[in-house]
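Student: Here it is: the structure, laid out below.
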């Protein structure tokens, strides 16, 4: 699997695969054949074969452990088992529902990082797979929820919105109310009175040869559906006269169809009249699931002279009723007053609300029922009711629309005219009852008359109500219908999703057993503890790394502070030394000028002053100044036997007194721990007793004779002697200057090709033993330098194989010999070929990487050099342990030994890499047990 963690369950073996020496992969030491454990191609000590986490020793013969990609061993108690593949998880896991999993996608098995994954049904998915699962889930939810429009195809929803709107009264067939039977009107108004049915899911129902508008997949076009609703007229037209409000925008928007122009149904045009039989075929069955329809009703308007327009000759109206003046119906309008129309405009969203529809229909019906005459004994009241109640110049909404005269159905007119006496006879005979004593009582004639007139009145009222809804309430645009259709589809989708979620939650609740509060609390606490433990384990490696970095930074800061302090001390020390050197230089220049002046005077004098026998005439008495010193000529003359006369008259007095000024050298030496006490030049130089003579001493030199310097005979002995003294002094000075100690480098100890040591020299071992025996608490150990004479003596002793030094030897001289021997090696202890690998390992940021790099460099050294380096580093670690007494910490020791142990082959990077070398050597001293484990 590619989840980032691969387990290697290799077979274990206690046998050595080869006869060569094997090294433990953990401790880097050789493993004897009796305690070797082989696993995954690597060798371990039997004691090193432990769990990395709990440090538990593992049994090689069992299989209760596993290995990750980093070659680390884990026991089964320290790792989790994956819920998906039942294999151990060695690195980190992904927890879902208190179950651990590999950090990989459950679908494509790709490794998941912490910023790009999600959980779905208890499984982990990457983002592409999660989107795919979401789409499949949404598709399943939409397929399971019937009757709603999928939200993913909004364009298709917008295209089919007009089909749904056609069922809601915006694009409907047109009919004449007077030619429709009562059953048709009652059925349609019954459907209209239940507006909540429009919110039900629509199914595919085959009606009148086409699929209902509720089917969004209907392949029929709008024109085909229009043809099914608007049938061809059969040469029957009713001519209407123009009305005052026929040209108004509200009238056109309320009555015009989106499929036709507004002029097709304008006042004065031909209105198609459908036969009753053809319209009955298009009536929706009450048992079907088709949405209720509120159709448009067109009512004929009277002419200006008060007469009705005439029908064609083949169509006639039997006994048309006279014009009646109807009473005004107090119906509360839902029209808004913000429309530019004079008579208001009803918003499509408000008009389509089921609450408004139901309330409007209820108000109209109640008003119609209240208009029935209560005094049934009075025919005059009944006649007045029919005269005043059926016609009005105002609509129920008080919008003052054109009058809607009542046009009686031909079937009802025939039924009324077929009665024995007729309507006029009944109206005439009704006056007899008014004068009778029983005028207020009910009789069968009045009841029958009321029953005969009530259906006609109800039809007329319903026609008016239908006209109210079609002309005023359902005044909406196609855009609002589209918005409503989209909103209904969204709500249906949400309802389906909520139903599925409720069903799943109910099933889960039924399956689960009731849990007590205490048990639930315990389970919750256990789950939280598990999650906290998981978080602690997941953050533990990062915290360990941060802690190591913090310690490294703290160490670096402390080292930098110590280095800064040391630099400041050395700077102060150098300033003091510089001041001393300046004063010494000035004094030497004055002495040199004085000597040159004296020599010039002697050469230009007529006689050789110091060999003149005349003590009084040619003697020059000079009192030397306090800054005078012996000349080289006087020193050589004294060594050759020319002794000056002793002057006992004057002895040294005040010049031998101690200088009263403060000795700055001692104070600075005590403060800054100077390596060695150097002669401090005071402002007043010390003068010997021989130089305090008040008179110049004279020696007797013969004029002719042999020279005591070169042994030659000369007639001008004085001049020859002067030249010989000068040449002798120069030879002695040059021989003394060229003297240098000879170090004991035995050629047999080196490889002639690589110039590396073949064995550990006895000088190194002897010096280390002497220092650890007598000088561990010596202040300034390895910092102070010894005298050259003592160094020569120690080298002579060690050359004669006298490895045991006397305790009286100078510690500083021994340390100087030790350092000088390491400095004079032709190839340093850390050889030239390992210089750059050593610098690379020192630049590693991680502690473990740096440690591994130093170990690899040490293993690459020649055996003798690796052994000497281990001997020196362990010795310096023991010296640093006494830093409270000798003031030599690991940092100070690294500064002293890094130039001798680590050298650049070209001597070009000594200054650049000086800080890195010092830090690296201090690291080796501080971690000697880890490096040389």
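Any Cβ shown, glycine's included, is placed from N, Cα and C.
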Student: Annotation phosphoserine in Swiss-Prot: match it to one of 353, 898, please.
Tutor: 353
Student: So which range, 181-200, 201-220, 221-240, 241-260, gets flagged region 'Disordered' in Swiss-Prot?
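Tutor: Of 181-200, 201-220, 221-240, 241-260, Swiss-Prot gives region 'Disordered' for 181-200.
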Student: Can you dig out which of the ranges 557-580, 581-604, 605-628, 677-700 Swiss-Prot describes as region 'Disordered'?
Tutor: 605-628
Student: Which of the listed positions, 316, 333, 738, does Swiss-Prot note as phosphoserine?
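Tutor: Among 316, 333, 738, the residue Swiss-Prot annotates as phosphoserine is 738.
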